[in-house]
Amino acid sequence: MGLREEIKRRRTFAIISHPDAGKTTITEKVLLHGGALQKAGTVKGKKSGQFAKSDWMEMEKERGISVTTSVMQFPYDDSLVNLLDTPGHEDFSEDTYRTLTAVDSCLMVIDSAKGVEERTIKLMEVTRLRDTPIITFMNKLDRDIRDPMELLDEVEDVLKIKCAPISWPIGMGKGFKGVYHLLRDEVILYQTGKGHTLQDGRTIKGLDNPELDQVLGSDAENLRGEIELLQGASHEFDHQAFLAGELTPVFFGTALGNFGVDHMLDGLVAWAPSPQPRETDKRMVEAEDEKFSGFVFKIQANMDPLHRDRIAFLRVCSGRYEQGMKIKHVRLGKDIRIADALTFMAGDRARAEEAFAGDIIGLHNHGTIQIGDTFSEGEELKFSGIPNFAPELFRRIRLKDPLKSKQLQKGLIQLSEEGAVQVFRPLNNNDLIVGAVGMLQFDVVVHRLKSEYKVEAVYEPVNVSTARWVDAKDPKKLEEFKRKVSENLSLDGGDNLTYLAPTNVNLQLAIERYPDVQFRKTREH
């Protein structure tokens, strides 16, 4: 297969959802359909000796944080799919946001009993930065769910994206019978108890088929009425609008019952884009360019001090990686030979023989690689669009031993370069303030300061609720702003001026009072 064909068959996507919407279960079932797992291990089935392939393995746990979970590659039909995991609950961090900059499409999973939830809203905001195409899976149809029409309306209102239903549920909870596939004009019947295996559901072709009435009884007439209503009230699928991030195809199903996941995957490989062109400071890089290039979007540190390896995750943007090839680390101006990059075939770390645009490879990193770094076959490029996000949680960090302030500063700056947290130094005092988007980030920092930098630190509350990067076109206006609000200003790890607001009201007032100053939620790496 030539370079062009290899790239065209790739689909790189991430799953976004609120915790407990069923993301891990759907990841399992996606891998099951991709032939990567013979029998899906549901997350809760720990006692049955199966546990989730994409959750942390015991062996991985013993030596720190799992890296296998982060990327899973598997074949599906004629495509090769790269699924990037975005962590759930506590380990939610900026990594989650940045992972979304490394994909070409996203699958949004919604708990149909609850509808659109807060984490989903935040993640969707991030996909908007690049108008990423979104496919929606309404999950948990084997439970009592909200009215499906209401769910579509909520997605449209809250997330500002048009919905085009592709499948439609027949019944719900204990009375869930299956779905009607609008594009194929067929009913696919649901069988219970098949959650761990692939099921060939019985299909009935055509809404007017009398067989439907025999199998579904009165539900058949209800379905016909609903579909008629739906066709008048909802959007038809439009591929161009989907690619522009304006419309989402919606599938209904139950990941736990392994039903509907294959319909969604069929849609994903048929409609989601293959690797897309990427913006750099010099030019657009096309995926099919002959020469290799890529950027680092995430660094995974190993929590175990005995294994000081950190893995830098690199999204290949163009060309082909081959084992042992020489590539340029552009920021350092250094050529390096990469002999031991990792690929991630569905949960197993393996030496990468080769990788193509759209694939993710892992580079061993001993502290020289930073988030946002570009690697190329010699060309001086920098990929743009790898942002820092304004943190939402803040703590002041204090040393137990005041004599170690040099080590503390060094440690914090290195950890912030790696994207573990953000560090702010107020202009008016010598405090060090740490900012994060997830609580776990704080624990990781204290742990790593102690094990890697021999610094014992504790946190204290600090009166900061949100942060914005600030700049102004007119230097005089910026100077005046700095004079007037100096008690709210800090420098971040890269010496960028930041406004730390004690409350959201304070921030709004500052934005109104200083119209010539730009307050930004994101900053480029």
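Cβ coordinates are placed from backbone N, Cα and C, and glycine is handled just like the others.
What Swiss-Prot records for this protein:
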- 8-276: domain 'tr-type G' (DOMAIN)
- 17-24, 85-89, 139-142: GTP binding site (BINDING)
State the mean pLDDT for the domain 'tr-type G' (8-276). 84
Determine the Cβ neighbour count for LEU141 (GTP binding site): the number of other Cβ atoms within 10 Å of its Cβ. 28
Within 10 Å of the Cβ of LYS23 (GTP binding site), how many other Cβ atoms can be counted across all chains shown? 26
Reduce the DSSP letter at LYS23 (GTP binding site) to three states and note it down. helix
Does DSSP put LEU141 (GTP binding site) in a helix, in a strand, or in coil? coil
Cβ neighbour count (10 Å, all chains) around SER17 (GTP binding site) is 23
Across all chains shown, how many C-beta atoms besides its own are within 10 angstroms of the C-beta of THR86 (GTP binding site)? 24
